[in-house]
């Protein structure tokens, strides 16, 4: 018992292990409130934490400005204006009596606000045709850096073959022209991660006296403005984007072309941009290394530049040091194999100290960097750290090495009872801890008959078959057999059927990366032909000991070509199936590990959720471990707003979710997720679309129902602003709803379709209402329209009628048309078939033809929107009989009556006319007698002085010029005689028609052929 408790205490001891720490770079963005420097660890006894800053001891507990946490190594740096004091490189150490674990180095970066230096730039004087370089020289800041050239009025400087911005931010003019002269060239540098844009003082490209020469342009062959020299070297990290540029000057403007030396064409992923001046290859790998050349040429010559591109890699573990529990006296080997370009340097530490500072006689470092501990002792127990570094980064791994002897200790409690379902498997635990590892023994499973033979009644002469299925412990192997008896006597000469024996000599061959050939020899089929073989696999990395089906082949096949996943340590086995059942599996093959490769697929079942306003939570189903195809699986999450042309925003994550913050409310996004491991990228991902978070949680239940989020004891006030068919907003009647109790949402009903509403929510209690929320506007979807207005049936004839109507008062959406239905409804019970017509939305009248005469019809009219058709309005009408076809206007008595009325009207008009003209002579007649018109045709007639109705008289409405054919001075009706001095005209020059010297009205007539005014 005493030994048991000693062993239990030893078992509970644990070397410290750091479980969480801050990333290698922690940037103090000015808009963040605080910055946690994380360090969490496990161990028994519980570890104590300490920090170093720039290699010196640093105690966060001694600085009252820092916030520390109990039982944790994490401390928090508040953003209180003195962040620069904390800038530096930190490392966390977790220590207990067994050893010390340490974290990677964490750099705390406090970015300065980038500023252009205050300087006065002299105008750049240039002759037309010469090259010009406007230097930007942006300040340093947190990448990425985005540079723009604009005018003072924020208009972008147009770029083309002649004018372009280089990767360094400078603005290059291959040859200047007169229109380049301006005084407000401005360079803007944007640092999106710190939300800062800075502007350089405006620059002038020319002075007022330059760029005005009349000399011909200076034609010349090209030369390079950037890069300089004949060749240059470019070093990139694998996965970065390669960008090579050549900007040339000359006149005419040079053209630039690119080649990769030794290849007929550029790589497929190479893209030439910026009018040929920029070559881009995204996410470079080793294949993109080599020698590239740009050539700038014009009619006067050419110039070339060579780029030597080298793709390098940061350190990466090929074999990471593993924690080990080793018995006293054993030899310990701790391997740490890394790769990278340039080759990383490897440094070993023990408990956070350099290995050479902690010497021991039985430990040495081999030539390949492996640590070897001979005849290990308990004092060799420690945390060993392997740290690999090259110019592209540093990686660190901790390995806990525990040296102890512990006799086998069964950790599972005794006398545990297990519940199991008959016919199903049961798992019984036997957890053991020991050093060295124990060998476990267990009792064999009992042998039992699970499917005994059943009684049969058969006809004489027919064949019968008995079945006996048994279960037994697989460890029995070939010692298992089934015996049959009849009436207590052994049966002889009878054919017994059984499941097939396990296949033998299962081997794999023809190894070709992810493909192998598996072969086997079938076992005894026990008088029942094998119908198929099932191939299973087990892998040692993710689910060791678990066998899963890989494929099936027909029973007459004794080999199969296997398609495998990458970076998996496989072993295989085969079992056979016949009509009796499934046989036992074969012995497992030797292991075969497939090489690593890029992922074959991308994540599926991507779900987008907007739990909060201005956020978009992206989740997906991760690749299963066996689908990783290699180490270092990550996911690239790319997203952008749909339809506005913005670039993809990309983030690399290792988990299977990502939260996008600061999104506009309920905006449609495009999202794609691509898998990546250390070997490369998965296939091109599919793009899905989804909306960002809503400003309030809502979902339309019906056309007139909306679900809103609210607080406990809430007052909801809403009102209708307008119909969406009307652009003018009005403040409609307010409606109020109250909600109480533990709830955070409510349903607002009774809303009108296709309308815009505004809504506020406020909390209330017994003291009154709290402040209201910001008004939220929302729109209800279309609904079915109301009844058609003013429906009538008119102009009823023998075979046709006219229907008129007006749109419904409540359209509830955009009207897409009307549906007219009609049928015979004569007094009998039988009704005619229902006829239908579709009518366009802009119609309000229909002439319906081809109806039966003297028949009663019922007409139904419905209005429709995209959501459906509204209720019908109906009218009943009867068409006229055959005799009514010509109407009353065709009847004889009617025609006679109309003729009589016309005749009487004519007689009355003649009588009135005669009576009017018998009023005596006009006073004008006397004037005519005194001043006769000698040219008048009737001057010598006897009737000249008499008034005659036979003379041609003008109609009142037939007005002509007052002059007519009268001659001046001879007029028989002179205005002088009638008070010429008082005569006047209207403003339009027409004569008023009354002589101002007379109070009585005067009529005038001029005899002869000339018509006069009346």
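Cβ atoms here come from the backbone N, Cα and C positions, even for glycine.
Annotation comment: TrEMBL describes 16-107 (among others) as domain 'Ig-like'.
According to TrEMBL, the domain 'Ig-like' annotation covers 111-204 (among others). Mean model confidence for the domain 'Ig-like' (111-204) is a pLDDT of 90.
TrEMBL lists 222-310 (among others) with the feature domain 'Ig-like'.
The feature domain 'Ig-like' is assigned by TrEMBL to 315-402 (among others).
Within the same chain, residues 423, 494, 496-498, 580-581, 584 sit at least 6 positions outside the domain 'Ig-like' (446-488) and bring their C-beta atoms closer than 8 Å to a C-beta of that stretch. Per TrEMBL, domain 'Ig-like' is recorded for 446-488 (among others).
Positions annotated as domain 'Fibronectin type-III' by TrEMBL: 502-597 (among others).
Counting residues 6+ beyond its ends, the region 'Disordered' (584-604) has Cβ neighbours under 8 Å at 474, 499, 501-504, 506-508, 511, 513-514, 516, 518, 520, 523, 536, 538, 540, 547, 564-575, 620-623, 627-631, 633, 635, 656, 673-683, 685-686 in the same chain. For 584-604 (among others), the entry in TrEMBL reads region 'Disordered'.
Positions annotated as domain 'Fibronectin type-III' by TrEMBL: 602-695 (among others). When DSSP labels each residue, the domain 'Fibronectin type-III' (602-695) comes out as 3 helix, 47 strand, 44 coil, counted as helix, strand and coil in that order.
Taken from TrEMBL, the feature domain 'Fibronectin type-III' applies to 784-883 (among others).
Among the features that TrEMBL reports, transmembrane segment is placed at 893-914.
Per TrEMBL, region 'Disordered' is recorded for 950-996 (among others).
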Do at least three C-beta pairs under 8 angstroms join the domain 'Ig-like' (222-310) to the domain 'Ig-like' (111-204), pairs 6 or more apart in sequence? yes
Provide the three-state DSSP residue tally for the domain 'Ig-like' (16-107): helix first, then strand, then coil. 7 helix, 49 strand, 36 coil
